[in-house]
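**Q** Per TrEMBL, [4Fe-4S] cluster 1 binding site is recorded for C:CYS51, C:CYS54, C:CYS57, C:CYS100. Taken from TrEMBL, the feature [4Fe-4S] cluster 2 binding site covers C:CYS61, C:CYS90, C:CYS93, C:CYS96.
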Amino acid sequence: MPIIHIDNKPYEVKDGKNLLEAVLSLGFNLPYFCWHPALGSVGACRQCAVKAFRDEQDTKGRLVMACMEPVRDNMRISIADSDAAGFRKHVIGWLMTNHPHDCAVCDEGGSCHLQDMTVMTGHNYRDYHFTKRTYNNQYLGPFLNHEMNRCIQCYRCVRFYKDFAGGKDLDVFAAHNHVYFGRQQDGTLESEFSGNLAEICPTGVFTDKTLKQHYTRKWDLTTAPSICQGCGLGCNIIAGERYGSLRQITNRYNGDVNGYFLCDRGRYGYEFVNSKERITEPLVRHYPGDAANGQPVLHHVRNRMKAGKVIGIGSPRASLESNYALKELVGAEHFYLGISENDHELVSLMLKILQQGPVRAATMQEAAAADAVLILGEDLTNTAPMLALSVRQAVRRIPVQEVVSSIHMPAWQDAAVREAVQESKGPLFILNVLETKLDELAAGAYHTAPDNIARIGFAVSHLLSGQVPEVTGMSDEGKAAAQKIAAALKAAKNPLIIAGYSSCNEAVIKAAANVAWALKEQGIDAMLSFTVPECNSMGLEMLGGHRLDSAIDEVMNGNAATVIILENDLYRRMDQHTANHFFDRCKDVILLDHLFNATAERANILLPAATFAEADGTLVSNEGRAQRFLQVFTAAGSMQESWRWLLQIATLNGHPVLQHLAHLDDIVVAIQQRYPVFTGIESLTPPADFRMAGQKIPRETHRYSGRTAMQANLHVSEPKPPEDEDTALSFTMEGYRGEPPSSVIPFFWAPGWNSVQSVNKYQVETGGPLHGGNPGKRLIEPKVNAQTKFYMEAPQPFLPLSGHLLLVPVYHIFGSEELSVHTPGIAERMPAPYIMLHSEDARRFQVTEGHLLYFTDKGHQYALPVIINDKLQKGAAGIPVGLPHMQVAEAPQLVKI
Amino acid sequence: MTNPWWIIGGVLFVLLNAAAGLIWLERRMLALWQDRYGPNRAGPFGILIVLADTLKLFFKEDWIPPFADKVVFVFAPAVVAASVLMSFVIVPFAPGIVVSDMNIGILFFLAMSSLGVYSIVLGGWASNNKYALLGAMRGASQMISYEVFMGLALMGVVVMSGSFNLSVIVEAQKNVWFIFPQLIGFVIFLIAGIAETHRLPFDIPEAESELVAGFHSEYSGMKFGMFFIGEYLGITLISAMVVVLYFGGWLGPSFLPPVIWFVIKTFAFIMLFILLRASMPRPRYDQLMEYGWKVLFPLSLLNLMVTAAIKLWLSTH
Amino acid sequence: MFSLLRSMWLIFLHMFHKRDTYQYPEQKAPLPARWRGRIALTRDPDGEERCVGCYLCAAACPVDCISLQATEDEHGRRYPEFFRINFSRCIFCGFCEEACPTYAIQLLPDFEMAEYNRQNLVYEKHDLLINSQGKYPGYNYYKIAGLAIHNKDKGDAQHEEPPVDIKSLLP
C-alpha cells in the first residue's frame, strides 16, 4: 500500500487509484465536477487541482489535477496550498461566469453539487459583470426538465448517457463556448436510465420533472431507506415525502446492488402512492339484510371468517411479513401463492436451482464484473433494467483489462481507455424471441422461439460437459451458435448466465442452469442471474404455498367460502373469464390493497393497505437478498401495513401465534423461527430500540422547515408527531446527527456536501461498500460440493402450426408493471395494446400493420391491432404483458386464429 | 388600655395592606427613578395593580413540582410570613399601640428574624433543584453572618437605653435620637438589615442573573406570593426597627399624633430601601461575606466597646 | 462609599426627569422603517408576486413557522401555491427577510396584530400578500434570473446575450 503525504502528513492509500479518489476516501474535501466514481476521470473541469511536490526539499511544487494523477508511493501533495486553493477558486469563478442567477427557482438548489463546490472553494462574490450566454431549452419527455443556461460543460451527462448507459439520443452539439447538451431535436429521451441525469448533473440542467410537479427542497423531505418495487432486482432507493404525499425517489447507494444508478421505472414509478385511486378507508359492502352497519370493520372480517372455509391468497408484491401473517392466519394448508401458474413454475425452479445447485446467484455488481455473458430468453432492458446496465459494464470488462495490462493505463482514465478500447467488446451472447437493446453489444444475438433457445442452451452445456446428452436434430445455425457460445464461455474466468421469467419457459431456465453448472464443473467460476417478475416473487416462493389453480378449485368445489386476498389483482393472474367465474363463486372476498383495481370491484370488504412508502417490510430480491424497506411517512386515513391488519384480525380471532405479535421486530423473529430459510432477516436493520448516543435516527434533515406552520391551517396547535414503534428511525428532525448504520440511511448528507455526491462520505472508499458493509442479506448460497444433477431433457424444436400462433409475452419497462403505470409520465410512455407478427405470418393471416387480428382463446374472442416485426420467430406472436386493458392474460400459449 | 385584639387586628390589617401597597409603591418608585411611569393604568395612579396582581396570583396554577419534598415545600413559605409578622409583635407604633410590650423585645426580634432563615433553607431544599439549593445555602450563610453584627450593633442602643424593651428605648430618645451617638451602630444595623431581608444589593440568595430565582425558583401562585409578601413585610419591619432604635420611634413635634410620626419615618426608610434597589449593583457572594466578617463585624464590636466604655465612664462620673 | 451615595443621589434626581415612556394606545410610538413587524409578501414593479417559492425563508426560520408549496404557471414562472405563516410562533427575527433572494418577504413596521383567538394568527397567502413593492422598489427578480417566463424569453434578462444558435459554425 503506497504512502502519500498530504500537507506533510503521511496517509496509507490503496494502489491503482487516482489521487482524487484516494483523497476523498481519506475524508478530505476536494472539489470536483467531471469525475464520477462510476464514470472515471477525464480531467475536463480542472477543479480538483492540488499541488504536487517532487520531494521534501521541493517547496515550489506544481499544480496537478488530482483526478488524472495515479497515486504513487511517497508522493507529496498539498490540498491547502494557497496556489492550489486559489486556482480552484478561480476555476469555479470562471465556471460561474455564465451560470444564471437562478438558484431560487432551480430544483437542484439545496442538493446542488455546484453550490456545494462554490461554497467549498470560497468563491463568494461574482467578479464577472458582463453579459451571460443563454440557451434555449428542449422538451425531453415526461421525466426530465432541461435548463441549459445552468450548464457548466462538465460532460458528465453525455458520458453517462452515451458511454455508460448506451443511450443514443443525447449528445453534445456546437463548439467552443457554445457547446450544447441535448437532443438533436425536442423529444423524449429514449434511454431507460435517463432519470439518472438528474443525479449525475452537478447542477440544475437536468432535473426531475415529476418532482417539479410538487416541488420540495431536499432539506424539506421526510425520507427513509426503501427498496424499489418496480421489479425483482431490489434496487435500494430513498423515498421522500412532504405534506402527506410522496415526492421523489432517489438512488440509495448499495455497492452490491444498484450502485449509483436507478432505472426510470424505479425512479418515476412511485406516483401510485399519491393516486386518487387509493383505498384510504375500509369499505364493507353489505349483503341485503346484513344488519352489521356501524361495527368496526374488523368485526365484519371476523364474522365472515368461518373456520375451515377461509383461504388466503398471497402476493409477490407484498412484503414477506404480510405474506407470512396471512399464511399463519389462514393456516399453511389454506395459503395460496397469488401468482400465475407459469410464474410459479419458473420461480420455484429458479429457487431450486439456486438453493441446490453449485452456482451462486450474482449480485448486480458481480454481474457488472463478469467477463462473458450469456442471456437466454430475456430482454433485460425491459424485465430487469438495472441488470442490463450491469451487462453493459460487463461487456467492457475484457477490452478494458486488455488496455490496462497492455498499455498500462489505469482503468479510471476514462477518455484514454475508451480511446484505446474503441468498439471492441467482451463476449456477450443473447438468445431471445425478439431483438433487445443489448443486441448492439452482443458478439452474437439470435432470435428464435423459447424452445429453440433452450435447445441451444442445452447444446452449449453438452459442449461444456459430457454429462449432458447431445441435442438431436439441431439446425446447423443452432449448432454454430452453440459452439461459438461454448468457446467464449470456456475462455472466461467468471462468466454470467442470465435467464428469467420473460421467456415463460422452464426449459430455458434449465438450460441456463445446465450451462452454469457445466462451467462450474470445468472449474470456471460461473454465476447465474435469474430475473423474477415482481419485487418479492422470490420471497413468496421461499415462504411457500399452494398453487393459485388449487385455490380456484377449492372455491369452485365449495370447500372455501371466504377468500382473503393480499395486495393482489387476480385479474392480472388469470384471464378475466376465469377470474369472473371465481369471484362469482366466492361468498366473501376480503381484499387488502392499495388501489381500486378490478379485484377491488369484486371484494366485499376492502382494507386499505399501506404502500412501500407507508409501510415497513422485507423483500427478497432475485439473487435471494433480503432487504428491508422502512416507512417514509404515516399515511392519511386508516391505511396501514397489510401485516398489521392481519395481526389485528388475528388478535380479534384469538390466533395462538399471531395475537402475541405487534411490531415489526416481533413478526420478523416469528418468521425466522417458523421458516429457517429466512434466518438472518432479523438483523437486516437495527431493532426498534436501537439508539445512537441515546437517540433515534431522524428521517428529517436538521434544516427541515415549516413544522409549526404546515398543519396550522387545520389547527394552530401542532399535533404530536407520529411515533415510530417499529424501527429505529424517528419521524421528526430530532435525533442522532451522525452517520447511521448503512441499512437505515434515510438521506445522504455531510457537512459541506448537500448533494447526492455526499455518498462519498458514507463509503469505505469511493465506489466501495458503505461503512459497516452494504445492507441486505443473501439468503440463498450455493451448495459448494453439491452433486450436479444436470437436466437431461431438451425440449422439442418449435414448429409453427398452421392456423395457430404461439403467443409469446413481450415485456415493457413502462407498462408491464402493475403499479408504476399510475405515474402519468410512465403511462405516457406505455405502448398501446398490440399483437406483433412476422411479416410472413401477417401475409398468411392476411393482415397488415394496424389491422385488427381476431383470435380465440378458451372459447373467448380477442382482437388486437397488428405490428409487424421480422425479427420475430415465424409462427409466434408477441403480445405485451400487463398493460392496463390487455385482457389476454396467459402467454405463452397456442391460440387459434 | 384598648382591647389587645383590636391592636392585633389593626396591626395585621395595616401591615398586610402596607406590604401589598409596597408592591405598587416599589414598582412606581423604581419606574420614576428609571424615567418610566410604572403601573399607572389600573385605578388611580395604578394602585389597583395590587389587586390585579393578587387576583392573578390566586388564579395561577398552584403547582408543586413532582420532584419536590411536598410537605416542606408547602411549609416553607408559611414560615417566612409568620416569622416576620411575629416580629411586629414587639414594635411600638405609638404609646400604647403595641401588641406585646415585652421587656425582651429586641431579643424576640432577633429570635424571629433568625427563624426567617428556615423558610429560605427549607424552601430551597424542598424544591430539589440545584439553583434553589444554591440560593438557600447562600441565604442561610448570609443571614446567619449578618445576624451576628446586627445583634452586636443593636447592643449599643441597649447599652445606652439600658433596656431590651423597645418602648423604653424610644422613651430614652426623648432628648437625642440614638442616630447621633450611635451613628456607626445605625449604619451597621441598616446594612445588616438589608442583608437580613435579602434585598438588593444583597439579594444574593435569589440573584436572578445567576440562580434563576434562587430559593424560590420552583414556587408559583400564592406560595410564591407568601415569599413576596414576606419580603415586603421584612422591609417594613427593618424600617420600623430602624425608626424605633435610632430615630426616636413615634417621637416628634406634637402637631402630628405620634403614630403618624412613626409612619412617616418608617415610610422614609422604606423609600430608602427602594432607592437602594434602584441604584446599587449586586456584590459578589464572597465580597458580601468578606465585607461582613472583616469590616462590619470588627466595627460593630468596636462600636459596642466604645459605647460601653463611655457609658461606664459616664455612670462613674 | 461616597460614590455609592452619589449614585443614589443621582438616581434620586431622576425622579424629576422627563419620562421616556410612550403612553401606547393613546400615543403611538414612531416606528423606524426597518422595524421588524408584520411580515408581508410584496409584488414586483409589474404587480406580479415576487415570491418564487424557493423555500429559503422557511429554511431560515428558527421556529419553523413558515410553510409553503411552490408551483408554476404555464409559462414556467414560479409562485407559491400556498404560503402560510403561523404568527403565534413567529419571533420576528427577520431571518426570512434576509434569506429571501427576491425581496418578496419583508417585515413591516406594524406590530398591532394581536388576536383573541390563536387560530386567527395563522396567515395564509391572501393575508400576507400586499399590493406594494415594500422597502425595495424597482427590483424584479425575473429580470435578472435566467429562467424564461411569460413575456420574457431566454436572453431578455439583464446582462444576457441572445440564445446561442447551436447550429451556427461561426466562431
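From the backbone N, Cα and C atoms, a Cβ is placed for every residue, glycine too.
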**Q** Can you count the other CB atoms that lie within 10 A of the CB of C:CYS51 ([4Fe-4S] cluster 1 binding site)?
**A** 27
**Q** What is the separation, in Å, between the Cα atoms of C:CYS96 ([4Fe-4S] cluster 2 binding site) and C:CYS54 ([4Fe-4S] cluster 1 binding site)?
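**A** Spelling it out, the Cα of C:CYS96 ([4Fe-4S] cluster 2 binding site) and the Cα of C:CYS54 ([4Fe-4S] cluster 1 binding site) are 12 Å apart.
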**Q** I'd like to know which binding-site residues lie near chain A: of C:CYS51, C:CYS54, C:CYS61, which have a CB under 8 A from one of its CB atoms?
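**A** Cβ contacts with A, in sequence order: C:CYS54, C:CYS61.
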**Q** Using a 10 Å cut-off on CB atoms, tell me which of the binding-site residues C:CYS57, C:CYS61, C:CYS90, C:CYS96 is the least crowded.
**A** C:CYS90
**Q** Checking the contact step here: among the binding-site residues C:CYS61, C:CYS90, C:CYS93, which have a Cα within 10 Å of the Cα of C:CYS51 ([4Fe-4S] cluster 1 binding site)?
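**A** Near C:CYS51 ([4Fe-4S] cluster 1 binding site), where near means Cα within 10 Å, there are no binding-site residues at all.
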**Q** At 10 angstroms around each C-beta, which of the binding-site residues C:CYS54, C:CYS93, C:CYS100 has the fewest other C-beta atoms nearby?
**A** C:CYS93
**Q** How big is the gap, in Å, between the Cα of C:CYS57 ([4Fe-4S] cluster 1 binding site) and that of C:CYS93 ([4Fe-4S] cluster 2 binding site), rounded to a whole number?
**A** 12
**Q** Of all the binding-site residues given, namely C:CYS61, C:CYS90, C:CYS93, which is spatially nearest to C:CYS54 ([4Fe-4S] cluster 1 binding site) at the Cα level?
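**A** Nearest listed residue in space: C:CYS61.
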**Q** Write down the Cα-Cα distance for C:CYS100 ([4Fe-4S] cluster 1 binding site) and C:CYS90 ([4Fe-4S] cluster 2 binding site), rounded and given in Å.
**A** 16
**Q** To the nearest whole angstrom, what is the C-alpha distance linking C:CYS100 ([4Fe-4S] cluster 1 binding site) and C:CYS61 ([4Fe-4S] cluster 2 binding site)?
**A** 11
**Q** List the residues in the vicinity of the [4Fe-4S] cluster 2 site, defined as same-chain residues other than C:CYS61, C:CYS90, C:CYS93, C:CYS96 with C-beta within 8 angstroms of the site's C-beta centre.
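**A** Once C:CYS61, C:CYS90, C:CYS93, C:CYS96 are set aside, the remaining close residues are C:ILE39, C:CYS57, C:ALA60, C:PRO62, C:VAL63, C:CYS65, C:ILE66, C:ILE85, C:ILE91, C:PHE92, C:GLY94, C:PHE95.
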